[in-house]
Amino acid sequence: MKSAEIRAKFLKFFESKGHQIVASSSLVPHEDPTLLFTNAGMNQFKDVFLGFDKRPYSRATTSQKCVRAGGKHNDLENVGYTARHHTFFEMLGNFSFGDYFKRDAITYAWELLTEVFKLPKDKLWVTVYAEDDEAYDIWTKEVGVPAERVIRIGDNKGARYASDNFWMMGDTGPCGPCTEIFYDHGPHIWGGPPGSPEEDGDRYIEIWNNVFMQFNRDEQGVMHPLPKPSVDTGMGLERISAVLQGVHANYEIDLFKSLISSAMRAVGTAEALVERARDSMTNTISPSYKVLADHIRACSFLIADGVIPGNEGRGYVLRRIIRRAIRHGYKLGARAAFFHKMVPDLVAEMGEAYPELKAGERRVADVLRQEEERFFATIENGMAIVEGELAAMATAGNTVFNGDTAFKLHDTYGFPLDLTADICREREVTVDAAAFDAAMARQKEQARAAGKFKMAANLDYDGPATTFHGYDKLEAKGNILALYKDGVAVNELVEGDLGVVVLDHTPFYAESGGQAGDRGELKGAAGIFGVEDTLKIQASVFGHHGVVKTGKLAVGQGVAARVDTAARAATARNHSVTHLMHKALREVLGPHVQQKGSLVDPDKTRFDFAHTAPMSAEEIREVEEIVNREILANAATEAAVMALDDAQKSGAMMLFGEKYGDEVRVLSIGSSKELCGGTHVARTGDIGLFKIVVEGGVAAGVRRVEAVTGENALRYTQEQERRVQGVSALLKVQPDEVAERVAGILDNVRALEKELARLKSKLAASQGEDLVAQAVDVGGAKLLAATLEGADVPTLRETMDKLKDKLKSAAIVLASVADGKVSLIAGVTADLTGKVKAGELVNFVAQQVGGKGGGRPDMAQAGGTEPDKLPAALAAVQAWVSAKL
């Protein structure tokens, strides 16, 4: 039964029991600042359980997207190395909001598992909270599970109610006992039942947890029965799929086999190995392929839900996951962007269940590709530093990676700390995290000391307000009312001082309404002050932030205040076009579009708005056309101050939740009319040209566009044109023929790759025939240790398979050398694996050539860095195998 069918059957079963099927919520928690990402099925129902929200249903069932990476729940470092850790997983759940309780929850679970999924009853074990006699009796007396397979778990975490079988939302609030269902994978796997000393083994695996919200815990820790108990359950789709598909590891289920094959194709693995991986168990596959199969899900779904790679918060977690994937692809041989190529395969597997993934396919691939290109520009140099440090450590016998080096990798080459730690883990060394943290703290302190002086609006000022003249003039005379240095009022500022100047009159616009503050110059009789930013100290008091360039300034002096006209004009273009763009977005996408935030400065406009789906290329073009038509119309801009009621009657657009005074400024520009206190162009034609350069998501239901105008728009368009012309010149075609020519080249490349694979296979077969004659008899079996010139690892593997078939009973070591590195494959036929293990054999050879490796008893792989020692290492194989036989 495939994963998609299991998901569908789960939802259909509970729908037949009166449950409302509810779509998965976004991975970005809605209005819950306590969560970095959605990590459980109940997250979207939290307010329902707390009584803050009412739904038209009392029973629900979901298949919820979840991510555990970053924050309290972080499985990132284990992904790829264990059977069941994931960054992304699907949680199947059924929920009762004051409707049914323990009896129905337990019987529903048992019916689904044993009658719908047909699991053997004797394979299922159950745990209950030690004091939950009700659940124990339902399991043993009503369901009929033998008492020896129903285990009571007490307070096993050092405090009252601190138990694996007692769930609490927090220190106070809803809580209650839970019952967990385990599947016994069989005695061939080590481990004991839950509660036993061997419970950490992998034989008994939890597949379903049913939480019974029965109590409300007060601040004194007293449990009060809830008037309407509820049920919250969760069953990992990956785990139940492994059980139903008869495999032990999650990475062996159909979904991951497909994605592992996709990863192999993306990094250029030979197609023969891809097919073998698809058709066999994946527990022998390199952890790196598992990392890629896992991470493509987390990254794609996060991007589809509006997260974009960045340097903080959710964006930085996403960047860490992407870069970890890139590093593992690099380890597998990828030297250019590859990860984004897996997106179509993921959409084929999961797009039907999650339409938002299918709708955002192009955007997801583009974001991944851009992030890959950025990191591939630095990864090679970064890896050289890593390898150099590891080599020095090996020489010195050191097992701790230098924290300052780790910080250099982070700061200069974009290596997140956990990526460096991941590499070190493979070499069995650790990173000095304390030294890394210290280096990070030093950099932050230096940045604070050297950075631009920018103060929050908390200066101690109790004087007259500033009169603003900047709507109609860019120069004005003013007197200095106050000066500040290091946040303290002073009488004067001298050359080199960073400070804040308060004037009685100014043409400088102070940052407000998303528009950046003006910059420019204050010129007095005794000195010149460079204004780098203008911020409001109080509602009507403007602070001019900057540095004294020459001479000095003193309180009471007069100055000539001059705004940087070019910067102001660019900002005005970007602000005015934001109004036109807002109107156009509502025309194209619908009236639900509302402003959620904006930033307007001389370089660009950034506009956040309410919308649930990525904009299509056609929608972006349509918005651009509408705005540029308004620009060409060259309509005059009009601003009027009026009563708030009059502004509302005029149809002026207002921001939801914004507080306005009794009088407001209404700006009419083209067909747009909004409340706005910013600075704008005189006519729409002054904007020149408008071009959207970025569209993406920033939160659940919030999209972001970035756009440029005027000269910046012209430069952007010319740069895009230059790139196309550059490609067309390389291809020797006209620009409008580039796409067709590239498609033809790709077809040729694919044909050549197939031909190369065919020739390598033919070469392997030919070499295999020649090598058979070189095998010698050892203890009644054949032994072969040989070098294949020019063979890559897939060719070594293919040759190994052919040799094992021909030699029947044999131990074989094949080697090749390329770029100063040794590749080794060891193979042992099934009849000899009881005495000779391929993993031990390949390690014996690898250790002599400066490497190590491992694998299955019948097939193993290794590498080395000392090819000059290879002949002696291969010559020693016969004695080693003879001793084993």
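Glycine is treated like the rest: Cβ placed from N, Cα and C.
Swiss-Prot has this to say about the protein:
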BINDING   His575, His579, Cys676, His680  Zn(2+) binding site
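Swiss-Prot feature annotations superimposed on the structure.
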residue: His575; record: Zn(2+) binding site; Cβ within 10 Å: 27
residue: His579; record: Zn(2+) binding site; Cβ within 10 Å: 26
residue: Cys676; record: Zn(2+) binding site; Cβ within 10 Å: 24
residue: His680; record: Zn(2+) binding site; Cβ within 10 Å: 25
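Cys676 (Zn(2+) binding site) falls outside any helix or strand according to DSSP and counts as coil. Using the Cβ center of His575, His579, Cys676, His680 for Zn(2+), the list of other same-chain residues with Cβ within 8 Å runs, in sequence order, Ala572, Ser576, Thr578, Thr637, Leu667, Ile669, Glu674, Gly678, Thr679.
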